């Protein structure tokens, strides 16, 4: 396959692959180890996991590219590309879907939607350097471009606009100045401070008093954070859906659909709760409906517009007292005798601003105003409620990131250092520095497109001499790709689509890695083109895992059934088998050499060119398993009948058979050569040339 240069994803995956150190395992699954969970993987599982991660990384990048370009397509074409991506079975097929998208874009089929007219106003008017080249049209553009800027400095008198001149500052000269001291504070200010201290003493508060401005600022910050979180939640749901729709089912991170479903269920539960609250409110609002109708009738008689009045919220004789944020203009709200009075801010309009406490306290100096505002905020318990709300908000966020026992569901620098050592700490610090170095443009690209490109300085930090991920060759290559990197991504996607197959690298052989209680299901990849040496299998069934070129040497099997797992060119050599039946698993070119066995029935599993050599067997019957070119050589057998298993060209050579039977198994060209039969029967099994 062509050398791929996908920026960042390939490099990170390669670095991670290089640093994996798989361990031998005694059991498989999550194990509680102190304050963390440990999942032990053998070498095969580690390689398979890395293969999966790399495939997900490539598919993730391609899904991000598709999400960016697919927005320009009509809805029906979007569905075609998304369905193609969902049906893809591997990275190569996914890349082919992307190539169709890229080709359509190049051919101009992904232009603006039909009948959509885009009008773009230039931000800057560029005029020719030579004044003689100016045309009347150019001058009109220049005049119109500056009109908006000039209008900002106009003061209108009737229908005439006059430019406002900048006011000059008047300089005052004095012979001396008097500095204020604490004794100069007026009585009202002292009273406010005294009242504030009294309230704080009653609440047993000893910490620094929080100014009212800070309390109001915290409230605004909480409100903005709640809005931002709601917006981020919607963006996250949209992004997850796009990534899932544009990623093959094979490579979808299983956590993403779960997260999307969970988010949707939470939203549904919130909506249900709102509807229930609304229903309860409706039950007690029956008398209020008469009031609403009366108000509506009065307004109609007064000649006022009552359009959509029934859909509006009626606020009647319900003044807001000491509000902490300004009243928002809301067209869905009908306000009747419900002003905002004595607000703690000086914003808003009309009565709200005139009656606000900062406005009423303007007769006092700044110290007096702030002192009385501090008292009012403290007496009302605003700071305490803000602190409680912040605590609830913080605990909710922390709860989402921790397990039921309070253990974080993620690696922190502290626990990673404790578990994995200082080397892993240095790796985490590299990514901490990298995260802090992102520019606003990079953050925007990450949010909008799902990927961004590193600067040379960032690449130096990640792959340079001082980094634990030091990779000089990769660094040089990535620096060369800084010119139009998206072109290289497109080039590599096309290379993936044309490749015959996609693999990380040649699979390493599995050596000295026991499999205990480790079911191998759909494990064709790690069992093919791999030597398995000195790796016993115990209680580890192999199911739906065909294997090609996967010899197993010096690796005994104990209670390892082979089910629906054909094997080709995968001999077993010096490999004892105990209670390991072979069921619905044809063996082709699969010799068994020095493979003694006990209780290993072969059922519905044809054998071709799979001789048993020096492999004594006890209670290993062949049932409904025809075989050809499958001699038994120096392989004595006890209690191993052939039942409904025709065979041809399969002589039995120097292989005594005891308690042996051939039942309903015709055979041809399969003579007995120096092989004594003891207590043997042949029933309904004709033979030819044997």
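Cβ coordinates are placed from backbone N, Cα and C, and glycine is handled just like the others.
These come from Swiss-Prot:
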SIGNAL    1-18  signal peptide
CARBOHYD  42  N-linked glycosylation site
CARBOHYD  204  N-linked glycosylation site
COILED    219-285  coiled coil
CARBOHYD  305  N-linked glycosylation site
CARBOHYD  415  N-linked glycosylation site
TRANSMEM  514-534  transmembrane segment
TRANSMEM  544-564  transmembrane segment
TRANSMEM  579-599  transmembrane segment
TRANSMEM  618-638  transmembrane segment
TRANSMEM  643-663  transmembrane segment
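Look at the Cβ of each of the glycosylation sites 204, 305, 415 and count the other Cβ atoms within 10 Å; the largest number goes with 415. In this structure the C-alpha atoms belonging to residue 204 (N-linked glycosylation site) and residue 305 (N-linked glycosylation site) are separated by 54 Å. For the pair residue 305 (N-linked glycosylation site) and residue 415 (N-linked glycosylation site), the Cα-Cα distance reads 65 Å.
Beyond its flanks by at least six residues, the transmembrane segment (618-638) meets 597-612, 644-660, 675 of its own chain at Cβ-Cβ distances under 8 Å.
Within the chain carrying the transmembrane segment (579-599), a Cβ under 8 angstroms from the stretch's Cβ atoms is held by residues 557-573, 605-620, all 6 or more beyond its ends. In this structure, residue 204 (N-linked glycosylation site) belongs to neither helix nor strand by DSSP; it is coil.
The predicted model assigns the coiled coil (219-285) a mean pLDDT of 70. Following the DSSP three-state reduction, the secondary structure of residue 415 (N-linked glycosylation site) is helix.
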